[in-house]
Amino acid sequence: MLSIASWKRPEIAIDFGSANLRIVRRDAGLIFNEPSLCCFADFKTMPRLVAAGTAAQAMVDRTPGKMTVRRPLRRGVLQDIHTASELLRYAVGAALGRRLSRKSRALIGVPADATQAECRALLTAADDAGLRAAQLVPEPFAAAVGAGVRVHEPRGALIVECGAGITEVAVLSLGGMCVTRSVRVGGAALDQAITDYLHFEHKMLIGRQTAERIKKGYTERRCRQEALEVKGRSLVSMGPHSLRIDAAELDHVIGKHAARITETIGEVLNGTPPELSRDLHMDGILLTGGSAATPRLREMIEQHTGLPVKIADDPSLCVAQGLHRLLQD
């Protein structure tokens, strides 16, 4: 099990996701949970932070010309150090207030396949925000701990951490990761696929939040064989427009997205040692992350692998809960 000397034990841990940023404190648990968004004015010349987190989310696709809403991470990778630093500064200030110290240490979750350059960029952003990272923790490991998996035992466990920007598959045993793979698709990629489908098939433009609502409503409407109501802008009339489509119309879009994840899981299973494979056959696969409930994903994984699949309790909080437990150990 990952352990930290008591004299350098961090006070906080950060789950910096593509969709949400969460902060946990060792003595208080989850103390911050807001979207990973910043709104700037004059970003290309003299960027000035206007809003961050929840306040910035209300501005998505609604900003005037001189303002822009930015995400620091894309597909699980830090793409904008300045935006990341501003968001971390806002989040840590809101979470800790006067408790913040320049010497504050933090655990920070990172993708298991993050490169050295990506790790350095994240550490730079954390330092700019007034933090000194004590240790970077692979997100699948943290998710497993948060989901209650006994990661220190000599028994294999297969975790699929389904994020907004990246999906990570890992086999864990004896406190470490034995086999890992990742695919740079997640909930945000499915939202974009739905947007593209409506664009090309129905000549209609929708925003990201509308695409997410369609995704979340798909399963229920599909089971009831009901239509989905979509509101956006027509590319024909160029004015506001609404239409109703059968939920079944999105089957191919969602199935194609889930197939990329099931293929990655198959690669991990093919590379897993025989004894660990035996454990996986008995215990199945555990889905964590905010996109664990993606429509048809669980069903397609079971069909593709022949293994039972379970979604963790509070899957979106597994990484944060795991980081919290690591702070306490």
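Note: Cβ is positioned from N, Cα and C throughout, glycine not excepted.
Features reported for this protein in TrEMBL:
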- Glu212, Arg213, Ile214, Lys215: ATP binding site (BINDING)
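TrEMBL feature annotations superimposed on the structure.
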{"residue": "Glu212", "record": "ATP binding site", "Cβ contacts under 8 Å, 6 or more apart": "Gly187, Asp191"}
{"residue": "Arg213", "record": "ATP binding site", "Cβ contacts under 8 Å, 6 or more apart": "none"}
{"residue": "Ile214", "record": "ATP binding site", "Cβ contacts under 8 Å, 6 or more apart": "Ile194, Ile206, Leu228, Val230, Leu250"}
{"residue": "Lys215", "record": "ATP binding site", "Cβ contacts under 8 Å, 6 or more apart": "Gly187, Leu190, Asp191, Ile194, Ile254, Thr294, Pro295"}
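Compute the center of the Cβ atoms of Glu212, Arg213, Ile214, Lys215, which mark the site for ATP; besides them, the chain residues with Cβ within 8 Å of that center are Asp191, Ile194, Gln209, Thr210, Ala211, Lys216, Gly217, Tyr218.
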